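The structure appears below as structure tokens.
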């Protein structure tokens, strides 16, 4: 009886030790698999879709933010952006049958004369003229029509803070950098090292002239992240004022996902700028630019309509596809999305190699 019990205990101990050994082995193999692994993520989308904002969020979250020199570049871009926004608004007043007050017509002329003489200069004098003009009721009414005049939503955010931006000690904060739009030309890469993995995010310019470069980055891509600006249904391209942004995005997406290079690549679709999309829906019906739309002018039905349009573009659905509704300036949302993408890629890699 005693011997029988001892044998059973020994057997259980052996089984326990064997199980423990296998667990340790598996853990070691997994750790070895994670050494010096680089995953490449390619960010694609049309101009002003929010690709660069995604990249900036990742730099804030995982790469220590921006250097002094980079902040200086954004400071200059923000200041000159305020000059350009003011010029666009002034030029567009007549289009909407709007007129400045008598006093501000003189301010307008002073502003235009100075920026013509010094086209790449930003001074306290220019900032004060911008502030005066921006406070005119006609300029505010014109801004409400921004979707018709190629003016970004962030223009109001910056013009409201023109005095702060003009201060000699002004340093762009996180939101300023996220809102600042500098069109991507060429390729920008951000490498992030986390737990033995290197995540290489590649942002390729989205303007029409930049897209021919995309093919050079297809070969060793692990995942494609295609960014779509939902608010684009109500706007035209910077490059061609006759082409709807959403229609252009659908066309580009169709060409990309059916390209032989990408048919077996994992695909993540970010339906971005949900915040501006919701704002636009209160003023601009989807039917006004997409007459085939039969649903209610709500966020839920509208976003679903556009999702279906994009999914119909995919001829052979033989890759892993996931999608997220995102607001590029919301850090928590973008972090959660990136964590989900990382988790998916990591699991796929471990299954394939370990």
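Glycine is no exception: its Cβ is also placed from the backbone N, Cα and C atoms.
Pulled from TrEMBL, these are the features on record:
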type	residues	note
BINDING	52, 184	Mg(2+) binding site
BINDING	178-184, 203-207, 272-275	GTP binding site
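Here the CA atom of residue 184 (Mg(2+) binding site) lies 7 Å from the CA atom of residue 204 (GTP binding site). Residue 52 (Mg(2+) binding site) and residue 272 (GTP binding site) are 12 Å apart (CA-CA, integer value).
Least packed by the Cβ count within 10 Å, out of the binding-site residues 52, 272, 274, is 274. Comparing residue 178 (GTP binding site) with residue 184 (Mg(2+) binding site), their Cα atoms are 14 Å apart once rounded. Following the DSSP three-state reduction, the secondary structure of residue 52 (Mg(2+) binding site) is helix. Taking the Cβ of residue 182 (GTP binding site) as reference, residues of its chain lying under 8 Å away and at least six apart in sequence are, in sequence order, 52, 73, 74, 77. The DSSP secondary structure for residue 184 (Mg(2+) binding site) is coil.
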